[in-house]
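TrEMBL annotations:
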{"type": "ACT_SITE", "residues": "A:C402", "note": "active site"}
{"type": "BINDING", "residues": "A:45-46, A:Q123, A:169-171, A:D189, A:R194, A:235-236, A:256-260, A:265-266, A:Y314, A:G484", "note": "NAD(+) binding site"}
{"type": "DOMAIN", "residues": "A:4-130", "note": "domain 'Urocanase N-terminal'"}
{"type": "DOMAIN", "residues": "A:133-340", "note": "domain 'Urocanase Rossmann-like'"}
{"type": "DOMAIN", "residues": "A:343-537", "note": "domain 'Urocanase C-terminal'"}
Number of protein chains: 2
Amino acid sequence: MDPIRAARGTELSALGWQQEAALRMLHNNLDPEVAERPQDLVVYGGTGKAARDWPSFHALTRTLRSLRDDETMLVQSGRPVGVFRTHEWAPRVLIANSNLVGDWATWPEFRRLEALGLTMYGQMTAGSWIYIGTQGILQGTYETFAAVAAKRFGGSLAGTLTLTAGCGGMGGAQPLAVTMNDGVCLVIDVDAARLRRRVDTRYLDMVASDLDEALATVLKAKAERRALSVGVVGNAATLVPEILARGVGVDIVTDQTSAHDPLSYVPEGVDPGDAPDYAAKKPEEFTDRARASMAKHVEAMVGFLDAGTEVFDYGNSIRGEAKLGGYERAFDFPGFVPAYIRPLFCEGKGPFRWAALSGDPADIAATDRAILELFPENESLARWIRMAGERVAFQGLPARICWLGYGERDKAGLRFNELVASGAVTAPIVIGRDHLDCGSVASPYRETEAMRDGSDAIADWPLLNALVNTASGASWVSIHHGGGVGIGRSIHAGQVTVADGTPLAAQKIERVLTNDPGMGVIRHVDAGYERAEQVAAEHGVRVPMRESDDVT
Amino acid sequence: MDPIRAARGTELSALGWQQEAALRMLHNNLDPEVAERPQDLVVYGGTGKAARDWPSFHALTRTLRSLRDDETMLVQSGRPVGVFRTHEWAPRVLIANSNLVGDWATWPEFRRLEALGLTMYGQMTAGSWIYIGTQGILQGTYETFAAVAAKRFGGSLAGTLTLTAGCGGMGGAQPLAVTMNDGVCLVIDVDAARLRRRVDTRYLDMVASDLDEALATVLKAKAERRALSVGVVGNAATLVPEILARGVGVDIVTDQTSAHDPLSYVPEGVDPGDAPDYAAKKPEEFTDRARASMAKHVEAMVGFLDAGTEVFDYGNSIRGEAKLGGYERAFDFPGFVPAYIRPLFCEGKGPFRWAALSGDPADIAATDRAILELFPENESLARWIRMAGERVAFQGLPARICWLGYGERDKAGLRFNELVASGAVTAPIVIGRDHLDCGSVASPYRETEAMRDGSDAIADWPLLNALVNTASGASWVSIHHGGGVGIGRSIHAGQVTVADGTPLAAQKIERVLTNDPGMGVIRHVDAGYERAEQVAAEHGVRVPMRESDDVT
Ligand SMILES: NC(=O)c1ccc[n+]([C@@H]2O[C@H](COP(=O)([O-])OP(=O)(O)OC[C@H]3O[C@@H](n4cnc5c(N)ncnc54)[C@H](O)[C@@H]3O)[C@@H](O)[C@H]2O)c1
Ligand SMILES: NC(=O)c1ccc[n+]([C@@H]2O[C@H](COP(=O)([O-])OP(=O)(O)OC[C@H]3O[C@@H](n4cnc5c(N)ncnc54)[C@H](O)[C@@H]3O)[C@@H](O)[C@H]2O)c1
């Protein structure tokens, strides 16, 4: 079979732009530039797929091409299972991926059902057809470091030094995200090849020959308030304590080694080249040693914390593993969501993204300009948009991502719809987002860790999010189980809405892009966050429990 | 506070009939005639609630009264958490109750969150505002015995003898359901008071003084093909084996003792009056003895099976408990869903119900006549409607339930809408259903037990059901976790649609009442049931995987 690639341009192979958009984005998810293993239908995240199998893929394509403007296709874990007559305001596609009844929500049961051909892993944006490549990871990491800067360093990382480890698939975005925030970054990786690859792709500026050179280089840049990223080869369990002991002026410490899986974290004294073989042959012994190393690593992170440094867990479970390794104070520092992201969630902020169905990069440039015009006061946003324009190579259909909040997303969406209507862009724009968003996910180890009211595991919210997006005019809506944190650990929802330049699309965009982030605002009001209450009050978001009988 | 009772008549206290209907049905669920413990907001099923707490109840009432025709209220586990602008085709209310992330989907965690005020137990129709009292249980039991009759006895139980045990809250519907199907029923209960109460309410015809009299009476009635129900006091673990040993001509054997909870099943040799105290003081010993008795009880049921009798488990887990009690062949007979109900599900059949917002019983009489006119060829349906009209005392707003399938529900709904439009009924009719339906539930111990393709635990289907009902014009839609089988064991969805006599309502009814049972058809086509494939083919239900590239 030829590689799959989304159609470009303005010629439709479906009966309307909403159907065409779903079709192009399904195909785009499987473009070799975008997907990790397109031949297996795997888009990203280990086994996150766009369709269950090839017959399902072909049936999806065929059904989208014939779907009418008042019809809706239902997708059950990557397979189209029905087409029903609905109405024009209804989504064209409704998707439920990887969902299991609670007592059966385990990896072994999931794998068993997957082997029977009954389900697939949808990840977050793989099975919901709105993955746009690694730009999303870079932007999320950029946003996190921007939030660190906002919280502690007056809005910029200029003149600060960040120490981290792990320069792999996700972690490799850290050095660039720090320098995009004008900071200095020192990143440790046990595997020299990983660091070199990041230099090749311009995510990392240089690799130092040893720790002394690395420290001298980063401290000089910090003193000069010059953005710079430096890699150093070594084991984090050795080097982090060493840097702590030397009393170096580090401002921020985090980590993105592959700590979530103790067979992936390389223990001290083990050569990274030998690790996979050793882990396969003696998994228990390897696990014990990895956890002992992580305990040492995290103990040093807590040492930095005690010294006043900003320290956070970056979603890799290193605190839990260090605790299993015998280190009691592992949870003294917080996860990144409660520390930095939750205040954004309270404002309905989250990863807004869009793609140009024309395939023309000039269309994204036009939307970039529109964003800069719409939000001139948001400097961090402007910095991101400009740098992304320069540095991000598109994968598949040209796309952009940035974080926008309640009252902003609808503005941007309506502007994009005007650009389509006026011909300033050459074809419709699809507007979607990650399932990781302010009001769309229940995930007690990540997005909903340590909610103020203890509601971490309440899963009503993502379901309401999917229902209200369906009721507001989204073009396709999805509910997934699993995603980034795995089976049994999260439920999340997504939506994509097509700006085709019509007045009807404008009405739908206005409602969806108000109500969708609105879910984030009310979810955080309900949990007792004051910032969310302020935002609700400022923007007139209705919260029935806060209204009195007099009001109505 | 005064008892809550739904408003009657045609005067609106809300801005439209859909909002008014939700309001009245919320209040109706808490009517003392309907609810088990209205003072605690508990409707039925142990702790199934209509609203989280009294402040939430008042906020729901107030918000429904002010909700506009293009607005949607969101309800998170019985509490209104938001109001968003949507559109006229959107539901007025979207509900998610009791949902938890898989790894936290346990009773202890649920109870902990409930105690924190963060969730409530929604059961199936309690938190979704469409419970109509015990008529639902009677009708479900009637339908099950009708299905037994259809499968094995030529469509009627006339001339057959059914042996069962357990005459409590649910089980007490059995004798009446059997006689409504023209059969003879012998029901054993260890507690004489339970049997007497059922005679008082005309669910049971008589209580015999001993087993000899009971058997003589039922065998005479069976020989005369005369409908009759007889109760006998005794322990099922003693009497079922005794009746087997006597070689009595029993045609059907089942059981509805409270076997799901071994502390509720009375062991042999224990007086029912002493059982609660004994169970509380020595739970382990009591459990062992109860399971040993259940093993004996089920062994006798398998004895009947070996003798050619129709034997089934009626959803009380007695097979599992007997197996724990050491009896190996416990699962030799099937559960009632795979045995009788699944063939109905393949046809999109399920418990269709409606209520008259006028409060006037004459309106239900008019709808009863409409059903008899619409489906003259369905004898079992006609028998039910006539007997229900005679025997069922309304609780709260007058209501009716009957099972209808794909191609029938939309017809009935449209007819009801015409009755409203023409003034043949005096106010709008709400049309809903139980969450136990053909395409709305994933519940591996009940509704989706032993699916042909092994997809019992796949939970995508109820989520798609809720999404497609939201996209089709339902007035309110709900997604619940738990329900009849408990936390961790099921996910299910519900919808209610208001027939207010308008052309728009007709369009919505036509779509919802086609697509909702359509989910049952496609779910069973996907699982490989031939009957569902026939139904899909006959009615033109689209199944994308069965279409070829040529078609479209
Ligand atoms: N923040 C989030 O939301 C988020 C998102 C995705 C992934 N993660 C987590 O981040 C972690 C990294 O993800 P990834 O995709 O980059 O993984 P990866 O496997 O691609 O990279 C891990 C890197 O860590 C290095 N490493 C392993 N042990 C080391 C040690 N002892 N010292 C120094 N370096 C070591 C490896 O050489 C490798 O380069 C994972 O645990 C993942 O679950 C977090
Ligand atoms: N079919 C379904 O879908 C469905 C629905 C609801 C409930 N159930 C199950 O049906 C069972 C009965 O429910 P219920 O609400 O009627 O319970 P209940 O507690 O009201 O009644 C149980 C009855 O069984 C009697 N009993 C107990 N031990 C006995 C023994 N050894 N011999 C004879 N009688 C005995 C009790 O005296 C009581 O009258 C439960 O296990 C319930 O979970 C099934």
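Glycine too: its Cβ is placed from the backbone N, Cα and C atoms.
Those TrEMBL annotations? Automatic predictions, nothing curated.
The structure displayed is predicted, hence computed values, not measured ones.
Proximity of the recorded positions A:G45, A:G169, A:A236, A:C402 to ligand 1, judged by a Cβ distance under 6 angstroms to any of its atoms, singles out A:G169, A:A236 in sequence order.
Here the Cβ of A:G45 (NAD(+) binding site) has 20 other Cβ atoms within 10 Å, regardless of which shown protein chain they belong to. The most crowded of the recorded positions listed here (A:A236, A:C402) is A:A236, judged by how many other CB atoms sit within 10 Å of its own CB.
Classification of A:C402 (active site) by DSSP places it within a strand. The residue listed as 'active site' is 20 Å away from A:G169 (NAD(+) binding site) when you measure Cα to Cα. In the three-state DSSP scheme, A:G484 (NAD(+) binding site) is classed as helix. Filtering of the binding-site residues A:G45, A:D189, A:A236 by Cβ separation from chain B (threshold: under 8 Å) yields no residue.
A sphere of 10 angstroms centred on the C-beta of A:S258 (NAD(+) binding site) encloses 19 other C-beta atoms. Using DSSP to sort the residues of the domain 'Urocanase N-terminal' (A:4-130) gives these counts of helix, strand and coil: 41 helix, 25 strand, 61 coil. Taking all protein chains in view, 29 other C-beta atoms sit within 10 angstroms of the C-beta of A:D189 (NAD(+) binding site). Taking the Cα atom of each, A:S258 (NAD(+) binding site) and A:C402 (active site) are about 26 angstrom apart.
A:C402 (active site) and A:Y265 (NAD(+) binding site) are 31 Å apart (CA-CA, integer value).
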